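**Q** This is the structure I want to talk about, given as structure tokens.
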Amino acid sequence: MSERLHPPETSETPATTVSPTSTSLVRTRLKDRRPAGHRKISGPPRDRIGYLFLTPWFIGMALFTVGPILASLYLSFTEYTLLKPPEWLGLDNYREMLADPRLHKSLLVTFVYVFVSVPIQLVLALALALLLNRGVRGLSFYRSVYYLPSLLAGSVSIAILWRQIFGKDGLVNQVLALFGTEGVSWVSHPDFALGTLVLLNAWTFGAPMVIFLAGLRQIPTSYYEAAQVDGAGTVTRFFHITLPMLTPIIFFNLVLQLIGAFQSFTQAFVVSGGRGGPSDSTLLYTLYLYERGFGSFDMGYASAMAWFLLAIIAVLTGINFLFARRWVFYGG
Amino acid sequence: MAAELKASGGRSRRLSKHALLIGFGLVMLYPLLWMVSSSVKPSETIFRDPSIWPTSFDLGNYTDGWTALEHPFHFYLLNSAVIALLAVAGNLISCSLAAYAFARLNFRGRNVFFAMMLATLMLPIHVLIVPQYVLFSQLDWINTDLPLVVPKFLAHDAFFIFLMVQFIRGLPRELDEAARIDGCGHFRIYWRIIMPLSVPALATSALFTFIWTWNDFFSQLIFLTDPELWTMPVALRSFMDGQGETAWGQLFAMSIVGLAPIFGFFLAGQRYLTQGISTTGFR
């Protein structure tokens, strides 16, 4: 049963699997098109069956995705507080964003958070995956232990734990006291509070690690055998086989973890008591968006913020894909 | 030569590798273990005792914490469970229907719709939440479970569609073709052939849906402001803000109660979880 979850085409990254399958889809569809006259007699058009199966998705897509996206674009040009109909403002919300110091602060906080925690997370994930790769006994046990935090970290419970651990009399300072050092209250110090959240995100390296492990298993052992015959050492093999072969997975993990990190909310909200403090040092973009949208019901401004977030993520993902051509290796 | 190397240096290298892996695992899990042990100690030792060996054993934090809020804690657990189970049912039904269409049926616009579905995977929830709130408040759905449940029955979680599409594509087509020849319609093939074979993918989807809904805080915080509807995470957060740092023991105890179902599902279904993320690459 376990093999079934790894059919040959799915164990690669989706980025590579989607394209070959979709071209074969085009081919089968063209084949179907030819005896079109026959099909009308022999049964209901296949179109209708497909649309029938997709009906829930169509409705959901219209009501909860496409509709809201368009509505939020419209709202971003208005002032709207739910109490009276939206009032057209033109670009005023966007102009206000240009001049809003808290928004700038929240962007800075978010960028620091994302671009510090994601690299740490991915490096840890890759390092552990490499350690676990070479037929370590108890692999599934280690994998589970390292993966567990990824499941728990998004919960309020863990955020509460974090707030205690990095508090004045928290676990970290108790351990430091054993070494004769006195620590500050990390969560309420403007220089360190964001760092505790970065650590919390790095703690979830288990999820990308599992993906790296699956990717490592895909590298044909014959490559390593050939390299060994040629006298290549461990380091050479890593830089000339493992790393190039793994670049599609690294890319995939990078894109996903960046997108995920931009959307972090719960931990910062709970650890900072909902305000992004101290002195806005943990005011993630999502926290500020929540504050404007659901604290002061400034729905127009929050919509403009949401669209800006979408633009940031789209641009970053675009840049990622653009640079991917230079370093991601889809051969072999 | 390689065999020789393995025989001499292999053993100690293996041992040191295991020592490293176990040591690192302990550091990773230490906070969790410490929280569990602190929850059975008197509250004031939480500030003094960094060890995970409980010196005393007292379930007082659990009994006191259980009744510390307006309702007993199982009230909030039940609210969470209702939403999470409905979400599981909704995702299994709606996402598998859509996945069958994408993986097995030909229809005009399929590739475009599939690309749209993949694009929604990257869409941050924050872009949708404001207009969704406006929509739900016009429908009078705020402070009901509907905003959290209805979208699941309409295949809003594209992630699971994708997971199931990937899985169904790996199933041999001969099976459905044989059934076609025997005169089976598509609903029968979907229900009698594809679904039974897709149990691993369905199990993965059910586990992830439950865990993510159980943990979800953002949308529950927004859509459920009435304390009568609060779920476990929202209640825990208000517990912390209300009692502050004075009741860490009780807070820890209730946090552990909140994590327990996830831990249970993790132990029972970890194979499905880790294989699910290797197939699709999400948390």
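Cβ atoms here come from the backbone N, Cα and C positions, even for glycine.
Note that the structure is predicted; figures quoted are calculated from it, not measured.
According to TrEMBL:
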- B:77-269: domain 'ABC transmembrane type-1' (DOMAIN)
- B:20-37: transmembrane segment (TRANSMEM)
- B:76-100: transmembrane segment (TRANSMEM)
- B:112-136: transmembrane segment (TRANSMEM)
- B:148-168: transmembrane segment (TRANSMEM)
- B:189-214: transmembrane segment (TRANSMEM)
- B:247-268: transmembrane segment (TRANSMEM)
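Distances, neighbours, how buried they are, the whole picture for these features please.
**A** Outside the transmembrane segment (B:20-37) by six or more residues, the chain places 50-54, 252, 255-256 with a CB less than 8 A from a CB of the stretch.
Within the chain carrying the transmembrane segment (B:148-168), a Cβ under 8 angstroms from the stretch's Cβ atoms is held by residues 83, 86-87, 89-91, 93-100, 102-104, 114, 117-118, 120-121, 141, 194, 198, 200-202, 204-205, 208-209, 213, 216, 219-220, 223-224, 276, 279-280, 282, all 6 or more beyond its ends.
When Cβ-Cβ distances below 8 Å are used as the criterion, the transmembrane segment (B:247-268) is approached by residues 35-36, 38-39, 41-43, 46-47, 60-62, 64-66, 68, 73, 77, 207, 210-211, 214-215, 232-233, 236, 239-240 of the same chain, each at least six residues removed from its ends.
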**Q** Please report, as numbers and ranges, the same-chain residues at least 6 past the borders of the transmembrane segment (B:112-136) whose CB is under 8 Å from any CB of it.
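**A** That would be 98, 102, 142, 146-147, 158-159, 161-162, 165, 218-219, 222-223.
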